[in-house]
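Chemist: So that we are looking at the same thing, I have put the structure below in structure tokens.
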Amino acid sequence: GPKCPFNTDTVSMIIETRENRNRDLYTLQTLQNHPEFKEKTITRPVVFITHGFTSSASETNFINLSKALVDKDNYMVISIDWQTAACTNEAAGLKYLYYPTAASNTRLVGQYIATITQKLVKQYKISMANIRLIGHSLGAHVSGFAGKKVQELKLGKYSEIIGLDPAGPSFSSNKCSDRLCETDAEYVQILHTSNHLGTERILGTVDFYMNNGKNQPGCGRFFTEVCSHSRAVIYMAECIKHECCLIGIPKSKSSQPISSCTKQECVCVGLNAKKYPSRGSFYVPVESTAPFCNNKGKII
């Protein structure tokens, strides 16, 4: 059969809330069995997390990200598991041959998220202002396609999309309609952590270049790219746990120390980024070990 097929049978959701932390798997058909979906309305804010190529929603970094969100702000976290369509289950040495297939599946997975969103908005009365999408690598583009589709469906825009080192190959030279783009949500936040698996291209409302967007400190000499690529997920989880611990300085002022930052020109990476007025590209110096903080006690 075709490799890495996408259909509604090959994608599932892991739902985590404070009351239900058992990370059970749901499909579109079984969603109404989740306690939260037995209610008439859902009042808490929702975050969708989407993994990338050859990954899954059960990878440690995504479990930690989900946990950080639920602990911090009482979100309902819906982790999209599209591992079959992301070629995770293909023979180890052959996975990379199927990258173009996984890349082309991103639009379908995005439309799937839009379908769930439509249900949340129409049936459960959730406001689009209360829905955020966080996607890593190919999952960042999935989130972008979801953002385009909900606008087509006249639902409005998601409040925010956070692209964690959006995939470069197959996407970086695409026009806005064929990749994650700053018009896909009210606010699009990008973390750049690798320049081969990711991309240096400006994609968002704010683009954070972590350690210049290239090799991340502490990633060593071997498998540096893969390590750097996944660091974006780890940084975001840390930024949720420790508010304002990573501060971005405008690229035009990147020679200045973080200590010179003001609320007007610098921006904190994470869920509060959009509260800061500054837009554009930012340089973020990063430590080599968790929690990676660069603020040295400074809070802007």
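Along the chain as shown, residues are numbered 1 onward.
Glycine residues also receive a Cβ, built from the backbone N, Cα and C atoms like all the rest.
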Chemist: If you follow Swiss-Prot, the disulfide involving C244 connects it to which of the following: C219, C266, C268?
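Modeler: So the cysteine paired with C244 in Swiss-Prot is C268.
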Chemist: According to Swiss-Prot, C293 takes part in a disulfide bond; indicate which of C227, C239, C245 is its partner.
Modeler: C245
Chemist: Which of these links to C219 by a disulfide bond in Swiss-Prot: C227, C239?
Modeler: C227
Chemist: Out of C244, C266, which of these disulfide-bonded residues shows the lowest number of other CB atoms within 10 Å of its CB?
Modeler: C244
Chemist: Between C293 (disulfide bond) and C227 (disulfide bond), what is the CA-CA distance rounded to a whole number of Å?
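Modeler: Between the alpha carbons of C293 (disulfide bond) and C227 (disulfide bond) there are 18 Å.
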Chemist: Using Cα-Cα distances with a 10 Å cut-off, which of the recorded positions C87, S137, C227, C245 are near C268 (disulfide bond)?
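Modeler: Candidates kept after distance check: C245.
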Chemist: Would you mind ranking the disulfide-bonded residues C4, C87, C181 by how many other Cβ atoms sit within 10 Å of each Cβ and giving me the lowest?
Modeler: C181
Chemist: By CA distance, which of the recorded positions (D165, C176, C181, H229, C266) lies nearest to C245 (disulfide bond)?
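Modeler: Closest by Cα: C266.
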Chemist: Which chain-mates of C176 (disulfide bond) that are at least 6 residues away have a CB under 8 A from its CB, listed by sequence?
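Modeler: The list for C176 (disulfide bond) reads T183, given in order along the sequence.
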Chemist: So how many other Cβ atoms are close to C219 (disulfide bond), meaning within 10 Å of its Cβ?
Modeler: 20
